[in-house]
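> Got a structure for you, questions after.
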Amino acid sequence: MLKKIDLYTDGSCLGNPGPGGYGAVMVYGKHRKELAGGFRLTTNNRMELMAAIMGLRTLNEPCQVRLTTDSQYVRQGITQWIIGWKKKGWVTASRQPVKNVDLWQALDAEVARHQIEWLWVKGHSGHPENERCDELAREAASGKQLAEDTGYQP
């Protein structure tokens, strides 16, 4: 029987592009874990993706995950758009390269390990875990020791 995990994620970018961060809150029974990281130059969409990737990557074994995000980009991308992108060799319907392909491929690999239910919540609407993720992401984006987002392409 797979462990049931609630994973909440959010990304933030100050400037877009600019300094950015991700935040994730994981809940398993009475256990709670928070994750955050910041990057010098990135975008909000990259940080939304990174939050989901890092949250899933933290799980040491396959789990049943209920992942809640305020990003329609992430939720629709991973549940709908990615199917066509993969069939077409990672190009869009208009034959343009998929943006953030490095992170979409990383998320796809993490998703394959788990059973995931993707949920959307309106951002900044008072949802406690989403608000906490937003706080973690903004704090990370404002940090002094920001990593380089090597996959970011202007």
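Heads up, the Cβ atoms here are built off N, Cα and C, so glycines get one too.
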> For the region 'Disordered' entry in Swiss-Prot, name the matching range from 1-22, 67-88, 133-154.
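From Swiss-Prot, the annotated region 'Disordered' range turns out to be 133-154.
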> What average pLDDT does the predicted model assign to the domain 'RNase H type-1' (1-142)?
97
> According to DSSP, does Asp70 (Mg(2+) 1 binding site) sit in a helix, a strand, or coil?
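DSSP assigns Asp70 (Mg(2+) 1 binding site) to coil.
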> By a simple count of other Cβ atoms within 10 Å, which of Glu48, Asp134, the binding-site residues in the record, is least packed?
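It is Asp134 that, of the binding-site residues Glu48, Asp134, has the fewest other Cβ atoms within 10 Å.
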